[in-house]
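Okay, so here's the structure we're looking at.
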Amino acid sequence: MGSTESSEGRRVSFGVDEEERVRVLQGVRLSENVVNRMKEPSSPPPAPTSSTFGLQDGNLRAPHKESTLPRSGSSGGQQPSGMKEGVKRYEQEHAAIQDKLFQVAKREREAATKHSKASLPTGEGSISHEEQKSVRLARELESREAELRRRDTFYKEQLERIERKNAEMYKLSSEQFHEAASKMESTIKPRRVEPVCSGLQAQILHCYRDRPHEVLLCSDLVKAYQRCVSAAHKG
């Protein structure tokens, strides 16, 4: 909030207590611009701001700031406008420094916390939730694979047993069929079959070969052959 000259003239050191409040450990030095304004002939130089610090129970205690504002001569006149402006600017710059130091200290503390968490070793007792989930899923997968292997073995055994049983049944059925067929053949007597009217059949074939263009001349033989076949069926 101050000018470039005032920002270059400040030198402070700071610390952060347990409530993350910024404590100035060494006093703030006024900038050259503020000092020059306070050295004007109409106003005496301001008294430096003193800060007292102490330790209480091993922790930092808030600084007790005692500011002695410059007064005019023994006559008790009003403070000059230049001095008021310098004090006001000093207070504004001091507040800006406090805020900036607080932000820097907060970022450093967050970075240190993240670094300490990242550097912690992971032991057997501190397995993360994702690792526990992975272990559980791996065990479930192994259990399912074992169950599938057991079922596969069971089904293969059942299939082999069914195939053996079917082969035995086929063999038994084939033996029974051949045995029944043999018995049936033994009960049936063979019958001799002779051609009917074989003489007339030979004459008809000879007539057709000799007279291919006069087949009507063979009609008498055909009629005789038909009568012979009818008589054989009746007899």
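Yeah, the Cβs are placed from backbone N, Cα and C, and that goes for glycine too.
According to Swiss-Prot, the features are:
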- GLY2: N-myristoyl glycine (LIPID)
- SER13: phosphoserine (MOD_RES)
- 31-90: region 'Disordered' (REGION)
- SER31: phosphoserine (MOD_RES)
- 106-132: region 'Disordered' (REGION)
- 129-176: coiled coil (COILED)
- CYS197-CYS228: disulfide bond (DISULFID)
- CYS207-CYS218: disulfide bond (DISULFID)
- 218-228: motif 'Cx9C motif 2' (MOTIF)
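Structure with Swiss-Prot features highlighted.
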{"residue": "CYS197", "record": "disulfide bond", "DSSP (3 states)": "coil"}
{"residue": "CYS207", "record": "disulfide bond", "DSSP (3 states)": "helix"}
{"residue": "CYS218", "record": "disulfide bond", "DSSP (3 states)": "helix"}
{"residue": "CYS228", "record": "disulfide bond", "DSSP (3 states)": "helix"}
Densest Cβ neighbourhood among CYS197, CYS228 (disulfide-bonded residues), 10 Å radius:
CYS197
What parts of the chain pack near the motif 'Cx9C motif 2' (218-228), using Cβ distances under 8 Å and only residues at least 6 beyond its ends?
196-197, 200-201, 203-204, 207-208, 211
Could you state the CA-to-CA distance between CYS197 (disulfide bond) and CYS207 (disulfide bond) to the nearest Å?
16
Roughly how many Å separate the Cα of CYS207 (disulfide bond) from that of CYS228 (disulfide bond), to the nearest whole number?
18
If you measure CYS228 (disulfide bond) to CYS218 (disulfide bond) at Cα, how many Å is it?
16
Relative to the Cβ position of CYS218 (disulfide bond), how many further Cβ atoms are located within 10 Å?
18
Can you work out the mean pLDDT of the predicted model over the motif 'Cx9C motif 2' (218-228)?
88
Count of other CB atoms lying within 10 Å of the CB belonging to CYS207 (disulfide bond):
18
